[in-house]
Every structure is written in C-alpha cells, then in structure tokens.
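According to Swiss-Prot, the features are:
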| type | residues | note |
| --- | --- | --- |
| BINDING | Cys93, His96, Cys166 | Zn(2+) binding site |
Amino acid sequence: MALLDLGLESTAVPRIRVFDQQRAEAAIRELLYAIGEDPDREGLADTPARVARACRELFSGLYTDPQTVLNTMFDEEHNELVIVKEIPMYSTCEHHLVSFHGVAHIGYLPGADGRVTGLSKIARLVDLYAKRPQVQERLTSQIADALVSKLDPRGVIIVVEAEHLCMAMRGVRKPGAITTTSAVRGQFKTDAASRAEALGLILRK
C-alpha cells in the first residue's frame with residue numbers, strides 16, 4: 001500500500017520527483033536582490049548555484065520513496081525490544097527554512113513473525129524524513145508510521161530531541177532550548193509497562 005494511502009505523505013502540494021536546479025538558482029538570485037545585495041559581486045557570484053546544490057541535498061528526502069528504505073528484512077524470530085539510540089538528525093524548519101538538529105531514538109517490538117530490519121535502514125529512514133521541509137511533530141509521527149507500515153511490528157516508539165535554530169538565532173533567541181517529541185504505536189500505546197521499559201532504555205544515559 002502506498003504511503004499516500006496511509007496518510008504518511010502530504011497531499012497538500014504535488015510531490016515533485018526531480019529537483020529544478022535552474023529554478024532554484026533563479027530564486028536565490030532574486031532573494032539576494034530582495035535583501036539589497038548584488039548577486040553579481042565577487043563573493044556572491046556563485047552563491048545561487050551553491051545554495052541550490054545545498055537545497056538539493058538538504059531536501060533529498062522529497063525525492064526518495066520511503067518504501068525503498070526498509071527493504072532489508074531478516075527472519076531472526078526475535079520477539080524482544082530493539083532500540084537504536086542517539087541517531088544524529090539534521091532537518092529544516094518549514095516555517096523559516098532554518099535548521100533544527102538533534103537526535104532520534106527508535107524502538108520497536110518485532111511482529112509475530114519475528115522479522116527485523118537492518119539497523120542502518122532505521123538511520124536511513126530518519127534521514128529521509130528529516131531531509132524535507134519539516135516540523136518536528138510530523139517528522140516524529142512519519143518515522144513511526146513508516147515503521148508500522150513496513151515492519152508490521154507489535155509496537156513502535158520514537159523520541160526526537162532537537163534544538164531549533166529559529167528559536168536560537170532569531171525571535172525569542174533562546175539557544176540551547178531542546179524540544180522533545182514522541183510517537184507511540186501499538187503495544188507501547190496500550191501497555192504502560194512496555195512503554196515505561198522502552199522510555200527508560202531510551203532516556204538512560
């Protein structure tokens with residue numbers, strides 16, 4: 001089933017599949033004009049191309065199918081908790097197009113078939129959703145729902161901790177403030193003991 005059908009992808013804007021380098025360069029050039037700069041001066045002459053290439057990388061998650069990331073399964077008959085902690089994460093706030101960064105902690109209880117996915121695939125899934133214009137709450141839920149969709153686990157728990165530079169560099173200007181979001185699915189939502197065990201392991205330093 002497609003992730004659009006599961007509500008894991010936004011339908012508000014048609015998803016483009018090819019990055020438009022030329023259009024991005026023109027937009028950055030116009031932005032430089034708008035702030036009163038000369039995009040043709042020595043220090044800025046190549047900036048539109050550089051920023052466009054950076055955007056292609058920073059937003060590469062828009063052009064990757066999440067279904068292809070969790071494509072490696074192992075029949076390990078494992079039925080206990082799997083946790084990957086402290087996954088470094090860099091994303092871009094969709095409100096100001098400024099970075100937010102931190103760590104993601106991913107835990108899941110394999111389904112009845114005992115199948116698990118590769119640990120690197122979990123990190124790649126975090127990267128895929130982080131490399132989009134995002135809000136932290138949606139990012140957290142998208143990771144959880146993608147794992148549910150692909151792995152059919154008994155439970156999923158996600159905790160994301162991040163500093164938002166839109167709070168540190170501008171506006172309220174509170175550097176060091178950390179936002180924590182979580183998403184729980186399945187057994188972790190219905191069983192308080194399972195949820196407490198997972199959170200204890202995730203938050204233990």
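Placed from the backbone N, Cα and C atoms, the Cβ positions cover glycine too.
Annotation for Cys166 (Zn(2+) binding site): same-chain Cβ neighbours under 8 Å, separated by at least 6 residues, are Cys93, His95, His96, Val98, Phe100. Of all the binding-site residues listed here (Cys93, His96), the one with the fewest other CB atoms within 10 A of its own CB is His96.
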